[in-house]
Amino acid sequence: MNQLHRRMGTFSLMMVGLGSMIGSGWLFGAWRAAQIAGPAAIISWVIGMVVILFIALSYSELGSMFPEAGGMVKYTQYSHGSFIGFIAGWANWIAIVSVIPVEAVASVQYMSSWPWEWAKWTSGLVKNGTLTGEGLAFASVLLLIYFLLNYWTVNLFSKANSLITIFKIIIPGLTIGALLFVGFHGENFTGGQSIAPNGWASVLTAVATSGIVFAFNGFQSPINMAGEAKNPGKSIPIAVVGSLFVATVIYVLLQIAFIGAVNPSDIAHGWSHLNFNSPFADLAIALNINWLVIVLYADAFVSPSGTGITYTATTSRMIYGMEKNKYMPSIFGKLHPIYGVPRQAMFFNLIVSFIFLFLFRGWGVLAEIISVATLISYITGPITVMTLRRTGKDLYRPLRLKGLNVIAPLGFIFASLVLYWARWPLTGQVLFIILIGLPIYFYYQAKAKWKGFGRNFKAGVWMVFYLLAMMVISYLGSDKFGGLNVIHYGWDMVLIAMVSLVFYVWALKSGYQTEYLKDAKEINSQLLNGQSEAAAGKE
């Protein structure tokens, strides 16, 4: 069996997107953003949404054109061949698979600060912001639970995720209302200081490193589940954009409530000194909102677990998709004959999740790595969708975006800027993690006797030079972003925009009608035939 079951409607797919976005990001993101940017963290969330929206629009057109499992790791291969397709797919998979352990870490970290006398033992689960041996054991159990809920069928996943996501929307809503009503301090938004007490550069850094990009990363989950969508042409764009907007409203309101609820004395020496183990629960305890404390500690399991369950599903489809691209062993392309899920891919991702869990035991470190790896994978979306407008003119497009010739380059530039805002040396460190995957690509190229390698490498080499250019600019850039200050603040971002535009043009000209585009056309024609049959059935 090698065909996935199409059972998910628009609502289920939107819940997948929301379920991916409202995880540990809401439990920790507002605190980290406020710590970095102060009250201006509200602006950071809006900037982050705009950046991700421009990227998501490109992927929405692609997702509606090619409704297949693990689509996010396949699209670039259709437009530029296997070399850059592998880099983008590998970066995307690294970013997504590492979300699974970070959600487990978040649950255990909240658990470590349980205030009840009978639960004092939980304080030993976390020391200095990282999990202890006992903490790792609890997190490992959570990983197994995520795995088992996806093991049998997509129906079980879909039902469990929709229920969990509804719960995850209600709890942030209750938190927002309670904090605004009981303990709102309007002076926290100015307090005699600038709204951006740490400078406007910190507002930009917060977008990249506080968990904002990490939180919005879930927009791609409906795209990766497109192979199981009943009507992907309609469902994918609605699910992607709809879940992004709903999540933004929730996150902005949470940020406002968090900033207003902090005791002014706690920020007397600056927002950077604000330290919490369980941010919203700690605020609820300080304000004596006892019912909210209990609800938040319960949600600290539900929200991250819901996201962990979602990503366990989507990452298995990504490995399934990478096998179809000939980047992974054929065993990962097999589906269970009854349940229609890629179990071997799920086992592989479970092992990788354990590796990430034991190597990176803190939420903050994992969130930063995920954010930068995500940005590297995102930059190919605008390139691919515009290239296919030229090389795949005959493809059926259920969603054909107007103004894409403006949206796509802006999305590419915005993603480049956020990558730069992540600060040196983090940008260089994550780039190294991405490059680790190249030996896998070269191994499978050698097995194929380097067939077509020259053309594929030529079409994708711009990506290598782009990443190197970003590294150099980050290293020499403003000291506000961790650089040597050879390129001063302001001019550094102008340079990033100009360099990005040059690489954008180079990338578009590098695209060609790849051999993989034939497979894409087959998927696309099946979509057209399916919609034609559905229309005929209504008559």
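Residue 1 is the first one shown; counting continues down the chain.
Glycine is treated like the rest: Cβ placed from N, Cα and C.
From a predicted model like this one, the values you see are computed outputs, not experimental measurements.
The transmembrane segment annotation in Swiss-Prot covers 11-31, 36-56, 82-102, 137-157, 164-184, 199-219, 283-303, 350-370, 401-421, 424-444, 457-477, 486-506 (among others).
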Among the ranges 164-184, 199-219, 283-303, 457-477, the one whose Cβ pairs under 8 Å to the transmembrane segment (36-56) are most numerous: 199-219
In contact by Cβ distance (the transmembrane segment (401-421), the transmembrane segment (457-477); 3 or more pairs under 8 Å): yes
Contact yes or no, the transmembrane segment (82-102) and the transmembrane segment (424-444), 3+ Cβ pairs under 8 Å, gap 6+: yes
